[in-house]
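Chemist: The following block contains the structure, expressed as structure tokens.
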Amino acid sequence: MEQNILNSILDKFGDGDQERSDIRHNDSGDENDNHSDHEGNHGNNECCEGNEDGDKEYEVDVEDMTDEQYAQFIQEQQEPKIKSGGNTGVKGVLSDYAEHREKQKQKYLQKKYETQKMLEKMCFTTRDQPPPTEEENQLDSDDDDLERIRKARMEQWKSKQQITSDVKKPEKKVFGYFKQIDSSQYIHEIDNEPPNVFVIIHLFQNYIPECVLLNQQLGQLAVKYRYIKFLKILSKEAKENYHDEALPSLLVYIGGKLLVSFVPLTEELGRNFDQEDLELLLSSYDIIPNPMKAKNSNWETSLSRKRPESDDDNDD
């Protein structure tokens, strides 16, 4: 009886030990298994973190993506933040992307507008080109048309100035300097002046003798005619593909618009021009007073002062 009871107890506890042994054999211990699982997960996390670092270092070209691809890309980049924080969703990402695209578009349009505005202000005649070919020489009639348009524009401007002066003569702004500018200042220097101010700009290169000569003369005119704004700019700075054959170029603006352009100036004055030649040319467009009239006026004034003395001598 006792043996039967003992065998029953051994069988009972033996099965239980085997089950626990099997559990420990399969699980290798609860604490160790949990620790192994934790290390495995930690290894996976490190791997993911490594991938994230790799993704950060790799620059993705988003310009070629569609809106949906870009939204998915942004969502993947922000996925850890979305899990831990608020979820912006695809609509939020698309909204941010649309705002980014709009800013880029506005920036591009602004740059395009400024470039176009500068080119409009530098609308030279057809002489701002390389030496003409035989076919181009047959287009002389076009130059005549341009000359007629230029004269008509001058007459229109003169009549407008006459009307303005009859109503009210605005105060003149004083300059008295000859300043060099760059392309970023070009439009600003022309537009930000009163409508009655002439702005004369010389496009030049230092290795061209006529440009050096003109710079010397313009520097003297800037002191003599202080109500005119005299500027100079390197031709390649103003226009990248500007031809040296068109130098020296002299442009005259008033009221923010191109009044007349001499491109090149040597076609009007030749290569051995002096300051008086330049003044006569500018005075022919009423930009400055005629220097010959001023000389004649001074001569007549001087002569009139001497006449009474000569008359008195004759009477004696």
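Any Cβ shown, glycine's included, is placed from N, Cα and C.
Dumping what Swiss-Prot says about this protein:
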type	residues	note
COMPBIAS	12-41	compositional bias 'Basic and acidic residues'
COMPBIAS	49-61	compositional bias 'Acidic residues'
DOMAIN	95-290	domain 'Phosducin'
COILED	102-156	coiled coil
REGION	175-316	region 'Thioredoxin fold'
Chemist: Looking only at the domain 'Phosducin' (95-290), report the model's average pLDDT.
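Modeler: Computed over the domain 'Phosducin' (95-290), the mean pLDDT is 81 on the 0 to 100 scale.
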Chemist: What is the three-state DSSP composition of the region 'Thioredoxin fold' (175-316), stated as helix, strand and coil residue counts?
Modeler: 70 helix, 28 strand, 44 coil
